[in-house]
Amino acid sequence: MRVWTLLWTLLWTLGLLLKEVQTWSYQNGIFHNSIWLEQAAGVYHRESRKGRYQLTYKEAIAVCKYEGGALATYDQLEAARQIGFHVCSAGWFDKGRVGYPIVKAGANCGFGKIGIIDYGYRLNKSERWDVYCYNPDAKECGGVLTEPERVIQSPGFPEEYQDEQICYWHIRVKLGQRIHVRFLEFDVEDDTDCLADYLEIYDSYDDVTGFVGRFCGDYLPYDILSTGNVMTLKFLSDASVTGGGFQLLYKAVNASMVSHNKDYFN
Ligand SMILES: *[C@@H]1O[C@H](CO)[C@@H](O)[C@H](O)[C@H]1NC(C)=O
Ligand SMILES: *[C@@H]1O[C@H](CO)[C@@H](O)[C@H](O)[C@H]1NC(C)=O
Ligand SMILES: [Ca+2]
């Protein structure tokens with residue numbers, strides 16, 4: 001009986017350790033999709049609002065243009081990859097070529113290879129893929145945030161944000177903590193489905209899984225509490241009409257201290 005209890009404790013501890021290793025393997029942001037390193041390389045991955053692999057070549061060009069950029073060239077994609085841009089989705093890039101950047105070899109992605117996984121120049125431009133854009137003019141915004149507490153603002157705040165901005169903030173606090181977001185100010189071009197300008201929040205370290213909500217207009221959104229120790233915020237503005245922007249505060253809270261009635265900000 002006692003042996004079983006011991007064994008169980010051991011397995012449980014091992015499980016926790018493994019979980020910890022897994023979470024911290026996010027370090028440097030290279031283990032996951034759509035890690036935003038705009039400041040370093042200007043390259044970013046987009047998929048259609050309809051989902052993965054939905055863009056023809058013509059539509060791919062339009063997506064990048066809509067966001068103020070252009071299709072990335074092979075060299076731009078490679079430069080981004082060299083500083084950790086790792087995405088497991090094939091996308092169009094310059095001159096009708098398709099591929100994706102792999103930093104870390106994995107069985108599920110990139111056939112175990114490292115580099116630009118290149119599907120070559122596609123003869124059939126009606127094929128549907130994601131896209132890799134390049135936008136060197138986007139204001140510096142976003143990044144990987146690890147502080148336990150911090151204010152996040154739209155680019156240029158308290159000035160109005162500009163057209164054609166795109167920012168990703170990936171928040172990662174300590175294991176065992178959760179992230180509590182409180183909006184302080186919010187004024188983003190209003191539009192029925194928030195298709196023009198918006199702030200999106202994801203309960204994950206990428207902008208693929210864990211979608212929480214898309215916000216626009218001038219109502220202050222409610223507080224948001226992550227389920228784990230990571231969160232992603234994405235801000236995008238289109239080619240016309242701006243707004244006052246937004247300001248929010250996030251705080252790391254110990255998961256064990258979380259209760260529904262508590263106000264962590266006081
Ligand atoms: C081109 O690709 C599209 C989408 O996959 C397909 O429907 C179409 O038949 C292809 N055209 C040719 C000529 O192979
Ligand atoms: C959260 O947990 C850490 C480590 O367990 C501890 O040092 C810290 O004081 C805790 N913070 C709060 C606000 O309870
Ligand atoms: Ca706009």
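Positions of Cβ are set from backbone N, Cα and C atoms, glycine also.
Reviewing Cys64, Cys109, the cysteine that TrEMBL connects to Cys88 via a disulfide bond turns out to be Cys109.
Of the cysteines Cys64, Cys216, only one is given by TrEMBL as the disulfide partner of Cys133: Cys64. A distance of 21 Å separates the Cα atom of Cys109 (disulfide bond) from that of Cys133 (disulfide bond).
Averaged across the domain 'Link' (42-135), the predicted model reaches a pLDDT of 89. Most other Cβ atoms within 10 A: among the disulfide-bonded residues Cys64, Cys88, Cys109, Cys133, that distinction falls to Cys133.
Cα to Cα, Cys64 (disulfide bond) and Cys88 (disulfide bond) are separated by 19 Å.
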